[in-house]
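What TrEMBL annotates here:
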BINDING   Asp19, Glu206  Mg(2+) binding site
ACT_SITE  Asp19  active site
BINDING   20-24, Arg32, His36, 64-66, Trp68, Arg70, Arg187, 193-195  substrate binding site
ACT_SITE  Asn67  active site, proton acceptor
Amino acid sequence: MSDDAPRSRVPGHIAVVMDGNGRWAKARLLPRSAGHRAGQRAVREIIEGCLHHGVQSLTLFAFSSENWRRPEEEISALMELFLRALDREVESLRQHDVRLTFIGELGSLNSLLRERIARAVAITAGNRKLTVNIAINYGGQWDITQAARELAAAVQRGELAVADIDQNRVAGYCQLSDQPPVDLFVRTGGEYRISNFLLWQMAYAELYFTDTLWPDFNQASLTQAIHAYANRERRYGRTGEQLAHTS
Ligand code: FPP
């Protein structure tokens, strides 16, 4: 049997909480930062897998608004890792027709990292095969709150009537409004939580949890997740019988 799910059953947008780096390192008596470095290899694997399967958008939770509570040393190691990963990978992403975008409150990041982010976004802006969104200093509640603030400002300026605020309008002010909603949410590391990730964009996502620690997640693991997704029945509030009649 082929490893490939039929194209129509491939999720258009996958969102991933990459959990388990710390435990992976601890099991090897290594510092947590070594787990994050190993996690970077898994990022490369999943990008290659998404290109292979024809996924359009991949969103990775690299650093949450809550991750600032971690030890100072781990935060600096992560920021350093992001910086080096950007420098190292941007050319390969460009060659593979991958567009890179970033979501979150980027203003709180150091200026060197912000500069590299802007550079990577500019270099890959014209790419079309796959969009990889990196969430840094991101929180789903922040996302919806900033959308509400923008909407209120538009109303205040007289550009929008309150009665015109509908779901499409709110979605338009949330992050990733130019991309399809999330079809498949993957969380590694054995926890069953959404952790304030893309709350609005995941409204109808299928949820997939695996005990695999993020550094061990590879292309075969992605194929498994896509297969699980392909076998789900997505009803969007309808009954199974109704769906059988429409398909
Ligand atoms: C969660 O594992 C992981 C993170 C907070 C960081 C994710 C970062 C990477 C995978 C590095 C590479 C990323 C990019 C975008 C280049 P954890 O530390 O909470 O693990 P634990 O639950 O085992 O402690």
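Every residue, even glycine, has its Cβ placed from backbone N, Cα and C.
Each of the recorded positions Ser65, Asn67 was scored by how many other Cβ atoms lie within 10 Å of its Cβ, and the smallest score goes to Asn67. The Cβ of Arg187 (substrate binding site) has 23 neighbouring Cβ atoms from other residues within 10 Å, across all protein chains displayed. Proximity of the binding-site residues (Gly20, Ser65, Arg187, Glu206) to ligand 1: a Cβ under 6 Å from the molecule is found for Gly20. Non-local neighbourhood of Glu206 (Mg(2+) binding site): Pro11, Asp183, Leu184, Phe185, Tyr229, Arg232, Arg234, each in the same chain, at least six residues away, with C-beta under 8 Å from its C-beta. Gly20 (substrate binding site) sits 14 Å from Asn67 (active site, proton acceptor), taking the C-alpha atoms as the reference points. Counting Cβ atoms from all protein chains shown, Ile194 (substrate binding site) has 17 others lying within 10 Å of its own Cβ.
Remark: of the binding-site residues Trp24, Trp68, the most isolated position is Trp68 (fewest other Cβ atoms within 10 Å of its Cβ). Among the binding-site residues Gly20, Gly22, the residue whose Cβ has the fewest other Cβ atoms within 10 Å is Gly22. When the alpha carbons of Arg187 (substrate binding site) and the residue listed as 'active site, proton acceptor' are compared, the span between them is 17 angstrom.
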